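Pulled from TrEMBL:
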| type | residues | note |
| --- | --- | --- |
| BINDING | Leu131, Thr132, Phe159, Pro160, Ser161, Asp162, Ser215, Asp244, His247, Tyr269, Trp297, Asn325 | pyridoxal 5'-phosphate binding site |
| MOD_RES | Met1 | N-acetylmethionine |
| MOD_RES | Lys270 | N6-(pyridoxal phosphate)lysine |
| TRANSMEM | 442-465 | transmembrane segment |
Amino acid sequence: MQPSSNGPRLSAFLGCSPTSVEVAAWLDEHDTLRNLRKKFLVPKIADLPHSDPSLVDGAEKCIYLAGNSLGLQPRRARKYLEVELDKWAKMGVHGHTEGSRPWAWAENNIEGIMADLVGAKEEEVALMNGLTVNLHLLLLSFYKPTDARHRILLEDKAFPSDHYAVESQIRLRGFDPERSMLLLPPRPGEETLRTKDILKVIEKEGDSIAVVMFSAVQYYTGQLFDMAAITEAGHRKGCFVGFDCAHAVGNVELKLHKWGVDFACWCSYKYVNSGAGGLAGAFIHEKHSVEPALLGWWGHDLQTRFQMNNRMQLQPGVNGFRLSNQPILLVCPLQASLEVFMMTSMQSLRSKSLLLTGYLEYLIQHHYTEDPDRPHRPHIRIITPSDPQQRGCQLSLCFSIPVAKIFQELERRGVACDMREPSVLRIAPVPLYNRFRDVHRFIETLGAALGAALGAACFLLPYVLSSLKTCL
Ligand SMILES: *Cc1c(COP(=O)(O)O)cnc(C)c1O
């Protein structure tokens with residue numbers, strides 16, 4: 001029998017309730033990726049700053065559901081860092097060319113793996129800089145506004161850094177963000193964008209759009225956009241199409257090359273677990289001969305780079321966009337993480353992810369769907385699309401009551417997740433290291449947290465009174 005997120009079917013098979021912990025245990029036992037968790041360091045509850053050991057056993061591992069924000073530390077990261085620190089201590093400058101990770105071309109060890117993760121050819125990918133820096137470098141080459149075609153289309157409420165980057169690029173070229181930034185909001189009363197609305201605006205406004213610049217997975221709602229369709233629609237109207245894959249890489253299957261995406265950028269500290277501020281990625285499709293607007297010596301052909309004759313021999317494609325030599329201390333943790341990805345495939349991870357997130361969705365709906373007979377009972381609306389093809393692993397939960405107190409109670413009980421006031425929690429069960437048991441523990445803990453938050457909350461008094469009135 002295949003494990004299924006269809007709780008009732010599995011629970012009938014197991015002879016237990018669909019919400020029973022036995023379902024989670026069975027799914028974990030039959031998870032062929034379960035050993036990958038051992039490659040990461042999962043924090044102990046007692047070590048989390050806001051945990052309260054009087055409520056839960058501090059020696060237990062925490063319920064880590066914040067991989068959308070910062071992935072866990074790969075076990076091997078420390079070892080690789082120590083190797084390079086030792087090399088530096090023992091041989092100084094010779095480390096540039098010696099050892100298994102010569103600093104001068106350290107990225108060579110890992111760019112092939114990263115290219116696999118995003119569905120690109122190795123020569124289409126460069127690991128360098130931070131995400132926002134790469135977005136700027138790419139826009140400098142792909143955004144060439146003219147009076148007729150000067151707009152950049154992006155989702156309304158894009159991640160702030162992307163919004164600012166686009167805004168400042170428009171201003172840099174002497175255009176006015178008010179006129180040149182085309183922000184696409186969801187329909188009134190809706191939380192996520194409909195693919196057909198995105199395609200329609202491209203079709204309608206495309207002649208004035210220079211660049212379509214979407215996120216691949218929206219950071220707030222968790223929506224996965226139809227990147228192939230958006231790319232095709234943009235190209236039909238002569239626009240360049242780029243994606244910010246920060247929340248998509250390591251989370252969903254990407255095929256940047258096959259889809260013909262023009263350019264993309266991403267960070268590696270979210271689902272790719274490289275540590276805060278880790279080395280970011282950039283992609284330029286091999287069909288392009290665009291040149292970088294800004295040059296540095298690392299864009300120079302490696303064979304002749306160190307002749308220092310000041311005659312630029314630019315590497316083709318994205319490799320010519322490199323500016324500085326690689327920060328080896330950032331390469332180490334990224335390599336440690338990418339090697340774990342290499343033990344499996346994005347396809348296998350995604351299969352598990354669909355189940356794991358489906359299981360979370362099932363339990364939330366089971367316990368917290370709005371009950372018309374008890375309108376004052378706290379309930380949860382999932383704003384992430386219910387279609388698994390339109391989301392990654394994250395679910396964004398919108399609570400019917402203010403969420404700050406609930407979040408605090410979750411943290412006291414050893415849950416690491418992410419809050420966006422006033423009412424949203426972002427919950428990301430990551431298939432690399434999260435278990436079905438983590439999801440089950442989260443739901444149990446959420447029950448306790450809600451109980452504590454409601455018990456303590458006098459702001460709920462009006463609700464209680466009005467419920468009483470309905471009883472009387
Ligand atoms: C995380 C994230 C960023 C962060 O940018 P940095 O340059 O890495 O600090 C930017 N954009 C998006 C869409 C993100 O998800």
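Residue numbering: from 1, along the chain as shown.
Just so you know, glycine gets a Cβ as well, placed from its N, Cα and C.
Note on the binding-site residues Ser161, Ser215: the fewest other CB atoms within 10 A surround the CB of Ser161. Counting other Cβ atoms within 10 Å of each Cβ, the lowest count among the binding-site residues Phe159, Trp297 belongs to Trp297. Across the structure, Lys270 (N6-(pyridoxal phosphate)lysine) and Trp297 (pyridoxal 5'-phosphate binding site) place their CA atoms 29 angstrom apart.
In the three-state DSSP scheme, Trp297 (pyridoxal 5'-phosphate binding site) falls into the helix class. Under DSSP, Leu131 (pyridoxal 5'-phosphate binding site) is assigned to a helix (H, G or I) in the three-state scheme. Same-chain residues at least 6 positions away in sequence with a Cβ under 8 Å from that of His247 (pyridoxal 5'-phosphate binding site) are, in sequence order, Asn68, Ser215, Ala216, Val217, Gln218, Tyr219, Gly222, Lys270, Tyr271, Gly392, Gln394. Residue density at Lys270 (N6-(pyridoxal phosphate)lysine): 27 other Cβ atoms are found within 10 A of its Cβ, drawing on all protein chains shown. Secondary structure at Ser215 (pyridoxal 5'-phosphate binding site), taken from DSSP and collapsed to helix, strand or coil, is strand. For the recorded site, Ser161 (pyridoxal 5'-phosphate binding site), the DSSP three-state label reads helix. For the binding site of pyridoxal 5'-phosphate, formed by Leu131, Thr132, Phe159, Pro160, Ser161, Asp162, Ser215, Asp244, His247, Tyr269, Trp297, Asn325 according to the record, the largest Cα to Cα distance is 31 Å, rounded to a whole number. Sequence-distant contacts of Leu131 (pyridoxal 5'-phosphate binding site), defined as residues of its own chain at least six apart whose C-beta falls under 8 angstroms from its C-beta, comprise Ser161, Asp244, Ala246, Cys265, Trp266, Cys267, Ala280.
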